[in-house]
Amino acid sequence: MDIDPNKLQELKEIEKRVKKVKNIRSESTRVTTQKLADYPQLFGEIRQPKSNYILIPRHSSENRKYIPLGFLTPDFIVSDSCLSIDNASIYHFGILHSEMHMAWVKSTCGRIKSDFRYSNEIVYNNFPWPKENDKNAIAIESAAQHILDVRQEFSSNSLSSLYDPLIMPPKLIKAHKALDKAVDLAYRKQPFLNEANRVVYLFDLYEKYSADLFSTGIIIKKVKASKLI
């Protein structure tokens, strides 16, 4: 942070925070952290994405139909209350912001009381993505971009407000329905009747993907064994 020292002294609240950082680092039992006390105005570790990324809040109200995700550029800093997916595309944003993904979230996420607690290891890493093809990808990207465009029309509102089920703008609801349809078609042509139908389909797909990986692993082991012999 190349701020003039005199200017920093004028910003009393910032100066207080810098002093607290210095004290915490100095008192740390970790040698690396102690050394960072010499630079209290700088981040100790920079984990900020260097490309477009998807922002996922760790916790979200169970009353929302969709967890409000962000699709952001690197100049927006990720807070500790959120998860980020680096090198993300508008296609990835579309899949994760769909009713299909929400069905998976509700079945696999942790809970704080009854609210959603999103986990990268349990929810995201195990989510069965659809097989991608150009036609479906274009439709999903277009629908996802439309959601971002509609949000921009309500830019004075927070995402928390926009995704409040009681006051969610009808235009945004319609945009999400269009995205849901595009994502559904990426999985199969037959419509999903309800959330339970989606969950059964997703777990069947997860089982298939897992079986394919397991089969591949068995083959690899056999190849290695034959080489050792």
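Any Cβ shown, glycine's included, is placed from N, Cα and C.
Under the heading domain 'MmeI-like target recognition', TrEMBL lists 2-131. Residues or ranges marked as domain 'MmeI-like C-terminal' by TrEMBL: 133-214.
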Checklist outcome for this item: For the domain 'MmeI-like target recognition' (2-131), the averaged pLDDT of the predicted model is 91
Checklist entry - How many of the residues that make up the domain 'MmeI-like target recognition' (2-131) does DSSP mark as helix, as strand and as coil? => result 51 helix, 20 strand, 59 coil
